[in-house]
């Protein structure tokens, strides 16, 4: 991702903080983050905690991107997306948001909605539409603001990708001619300021780390290796001013939006152990730990922090044996777990190989990149996955490239055999960061810092589907296990073969028959969205609350196409008056306008005789040329000069006949003015089929009324000279044009 700005942290922390304070001295207060409008008030200090400014190990940085012009919301492409990267070891993040608008009578104080999300673009729904079945969406974290500046703080943010999206209120669906009516420009620009620790202390597993707290917090981090089943943090030997007691506030993990799963531990009772258990912590990641004193400003608190890791021993399925042999092994008389394979790995607290009971069955997964934001996952060297009751079967989905969060994760799980008993069920859990392994104790599908997505299958319901729009950038896991709640002893014999269909696609179901999947871009980041048609709405164009029926689509097509037959009137009049050029232009316009609108329909009633872009260009060209040839035909420059002279001499306007004014010119000008009014101010996406059809008829009718009459004093076409080569030079005395016939 190419940032528009670069970090501004200097070598001297004091100089950087002084510059940052000067920069933010005029900033409004931090937003509450509850979706309410931000109001002006007293300035918020930066950093807000005085301990930050006194801590010598902290530095500040600023990141910025070029501003973007906001648009009224109609689909996801209307929102303006910004992509930032938060550095590691960041303890405070501040968003500075600025909305400016142009000057003029058309500019109003319009509300701007801003969304924040960690790991992927925010999934928003300003129109309140419904999502497709089996689609899981978390509520968005949003902030509404008016013109001006506002800010929002996030303590201990997660490092990595952060996204900001902004848009104006939902559009009125009014179709406006570009640059014909002045519009107001609303500009949005976010800036990201961070405070991070330069040298954060590392908490080694099973090694007590002594700490002394006075008024400043202490920052630690512990690395969680792969296959960690549980992390235990404990404060030992806590003493406050020489007496027993542990007034310490412990914050574990990083803040993410929209959901925040940080763990907080408050130690105040000296008789109880100060301990925090974290099942299934995120693998292969640094975990941030912050300790603050709850005692007075001059009270000294001393203790030792200890981190203990419980390793999980995985059994990796041997790729050299077919799946059926593994299934046969599971049905042996012993009915126990499969024997260890040579690929077995075990991690103890030091991250080295060890021994112990198996806790999961790992199936290697092949990632196959097919296109932009399009990936297929399948078990390596096999079709089905063996699922039993003794331990979960886990599949790892690699979605950590940084370019996978702009699509939709589609998961389908199917039991492909009927040996599963009626009282036996299978549970699947989809999580990010680490797999869910506690099926025997809980079915909430929640790891230490992530709320997963559960799926339930049985003999009566053998298939389960899940769709996750914009999955977070991380390693995702699919965990499966057989459960027997009524008779657990029967689960020893339960073995199920499961077929999995795992895809990352740009749009779910390619946006359906009434939508178009469009690839959007912000700098180098690509993401996809659905543009719906025919009244269909929603994230995947599946909401039919305002959809058009097939009959309505056919009526709309007939109106837009048959209304062009009104051009037959100006064509006939042009031919009768020997205006062959005008007649040709009107015929050209009628033909291409008819077939362009037949091809431009969003639903089932569609007919395209040429490429869509070709038809569109020919329609726009014909519409413009037909108006100009009518104006030029009415002009008759030399004749108009003569009539001007006669108007001054006779002291009355041309034409002198009131019938010409009443029955031709005034109706023609009225129809043209009405057509222009409808085209510029009354046309919306809802009434487009009717108003645009009326526009066709009014435009053709005005041309028929405004065409000038034929000159009654001369013959329309007279041959002045004959040539020996059998060609004739014909002279039109009316407009003094020469043609070869």
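Residue numbers in this text run from 1 along the chain shown.
Just so you know, glycine gets a Cβ as well, placed from its N, Cα and C.
These come from TrEMBL:
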type: SIGNAL; residues: 1-32; note: signal peptide
type: DOMAIN; residues: 503-542; note: domain 'EGF-like'
type: DISULFID; residues: 507-517; note: disulfide bond
type: DISULFID; residues: 532-541; note: disulfide bond
type: TRANSMEM; residues: 555-573; note: transmembrane segment
type: TRANSMEM; residues: 580-598; note: transmembrane segment
type: TRANSMEM; residues: 620-641; note: transmembrane segment
type: TRANSMEM; residues: 661-682; note: transmembrane segment
Next on the checklist: Please report the distance from the Cα of residue 532 (disulfide bond) to the Cα of residue 507 (disulfide bond), rounded to the nearest angstrom.
Outcome noted: 12
Item to check | residue 517 (disulfide bond) to residue 541 (disulfide bond) - Cα separation in whole Å | outcome: 10
Next on the checklist: Within a 10 Å radius around the Cβ, which one of these disulfide-bonded residues has the most neighbouring Cβ atoms: 517, 541?
Outcome noted: 541
Next on the checklist: What does the structure give for the C-alpha distance between residue 507 (disulfide bond) and residue 541 (disulfide bond)? Integer Å is fine.
Outcome noted: 10
Checklist entry - Near the Cβ of residue 507 (disulfide bond), how many other Cβ atoms are there if near means within 10 Å? => result 23
Checklist entry - With DSSP helix as H/G/I and strand as E/B, how many residues of the domain 'EGF-like' (503-542) fall in helix, strand and coil? => result 4 helix, 20 strand, 16 coil
Next on the checklist: As a test of reading the model: what is the averaged pLDDT for the domain 'EGF-like' (503-542)?
Outcome noted: 92
